[in-house]
Amino acid sequence: MTKFIFVTGGVVSSLGKGIAAASIAAILESRGLNVTMLKLDPYINVDPGTMSPFQHGEVFVTDDGAETDLDLGHYERFIDSTMTRRNSFSTGQVYENVIAKERRGDYLGGTVQVIPHITDEIKRRIHEGAAGYDVAIVEIGGTVGDIESLPFLEAIRQMRSQLGRNNTLFAHLSYVPYIAAAGEIKTKPTQHTVKEMLSIGLQPDILICRMDRTMPADERRKIALFCNVEERAIVGSYDVDSIYECPEMLHDQGIDNIITEQLQLNVQQADLTAWKKIVHAIQNPKHTVKIAMVGKYVDLTESYKSLIEALKHAGVHTETDVQITFVDSESIEKNNGDVSMLKDMDAILVPGGFGSRGVEGKIAAVRYARENNVPYLGICLGMQIALIEYARDVAGLKGANSTEFDLKCAAPVVALIDEWQTADGSVETRDESADLGGTMRLGAQEVELKAGSLAAKIYGSEHIRERHRHRYEVNNNYVPTLEQAGLVIGGVSAGRERLVETIELPNHPWFFACQFHPEFTSNPRKGHPLFTAFVKAALNNKKA
């Protein structure tokens, strides 16, 4: 039978529930358990696919093509399980399914209510996502007390009642502030958030206290007394330099022993050797490189979370401190294409994105990298930008652009593809008037790499599988012209469309761009060959 750990948060948002939950999962996995994770989002959006990065941060794409919360990226980076669409759902999806059942007559004319119909659907989805695992860690988005979260909290209350204390555990993350003016740690916010939980029938078994300093024994005893939680189950979650220090930090306080005792799990001792090696590599780099990330969401770096982490993973595997400088592509445009801020950079990266804002600034950055032999990595839109720049400045295709930015451009080298084959062999179609939500090329797709290409050398194979999230493709009608001008198409999709997947420049020290998102499959234990190769190229450029 699957055991459930429910992780909730109180006082304020953005305390790090996802990291805490993922760290617990990593510890339990190191003890030999088969662990999965679920994220329950209270918003009414069906998924975050159409939400602004400034509102939501990064959209993480699962292997099977679900657009999900960035916390699922943390889950995959901390444990070995691959997330799917079953590992994430929102209020919007729950209501959508319940209403569809009502329309079909599944409820036999009954009045459809939050209890039991909505809560039953939530429980069904939790059990579905947890099936086949020893332990499922379920993170409830939002903050206890929010009206949006109430159906989810009621659902897990019912699960505790139905499954019992030895099969369920509540871990609550709270904020314990230090008031500098008074020189005191304040426990009252934590007392109040637990009071809020108790009012809806939830008693925390573990309290994880988010703090910027070690918790004194007196405060620990006080919280235990007022919150009715064992003193040893008051666990500190302190500020650290790297999120990968968190599993060891929580383990050292015995959190996994508390969990295994309550859930009656007879398992081996934790082995965090791999995590200790990762932390040691992060703390003791032998080299340093500076990489410019040129994008338009740079004011909220959470928009590029997986990408930032993938570069850090590459640093772990090359003993390098990867220092990222975020460059606003709009500022380059406003300053007439001035890219002087790139001159001290060892490499340049242009990430994915949508819309025309800041595009010409990105094109200027690509031009600088190409003309000055600076290692360049383009991802998704970053590949399309590189291709547009090459078409304009090398292939002589004046007016080259993407129809995403200029529907009537003279040379649409990037355009909306209206039909393509999915990974399971079915055919999907779209046009300019199609809904934005769920209409992109999503999830893992097979890619064929050209023998002898830089792509094949990086991956060590001519057949790879990478995740996608995009609506526009390279226009194959222009490929012959671009190839004649020296551009190398190093990879194409395995389907009948032969869509361009990677491009490279043979006469450049290291110039590579891909349509897919390799950052979604990078983790600190293994890294990713593309990012490792990119950081090595930056190191070589620095030495040169």
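Backbone N, Cα and C define each Cβ position, glycine as well.
Among the features that Swiss-Prot reports, active site, nucleophile is placed at C380. Summarising the annotation, Swiss-Prot assigns active site to H517, E519 and lists sequence analysis as the type of evidence. Under the heading UTP binding site, Swiss-Prot lists S13, K186, T187, K188, P189, T190, Q191, K222, citing sequence analysis as support. Summarising the annotation, Swiss-Prot assigns L-glutamine binding site to G353, L381, G382, M383, Q384, E404, R471 and lists sequence analysis as the type of evidence. The feature domain 'Glutamine amidotransferase type-1' is assigned by Swiss-Prot to 290-544, with sequence analysis given as support.
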- Within the chain of C380 (active site, nucleophile), which residues six or more apart in sequence place their C-beta under 8 angstroms from its C-beta? P351, G352, G353, R469, H470, C514, Q515, F516, H517
- Are there any residues in the same chain, six or more apart in sequence, whose C-beta is under 8 angstroms from the C-beta of T190 (UTP binding site), and if so which? G10, V11, S174, Y175, V176, L207, C209, I223, C227
- Message: Can you give me the Cα-Cα distance between G382 (L-glutamine binding site) and E519 (active site) in Å, rounded to a whole number?
- Response: 13
- S13 (UTP binding site) and Q384 (L-glutamine binding site), compared by Cα position, are separated in whole Å by 36
- Looking only at G353, L381, G382, M383, Q384, E404, R471, the residues listed as binding L-glutamine, what is the longest Cα to Cα distance in Å? 14
- Most Cβ neighbours inside 10 Å, all chains, among the binding-site residues S13, T187, Q191, Q384: Q384
- Counting Cβ neighbours within 10 Å across all chains shown, tell me which of the recorded positions K186, K222, H517 comes out on top. H517
- Message: Considering each pair of residues in S13, K186, T187, K188, P189, T190, Q191, K222, all listed as binding UTP, report the largest CA to CA distance in Å, no decimals.
- Response: 24
- Message: Just to verify a number: CA distance, K186 (UTP binding site) to M383 (L-glutamine binding site), in angstrom, no decimals.
- Response: 50
- Where K188 (UTP binding site) and L381 (L-glutamine binding site) are concerned, what is their Cα separation in Å, rounded? 48
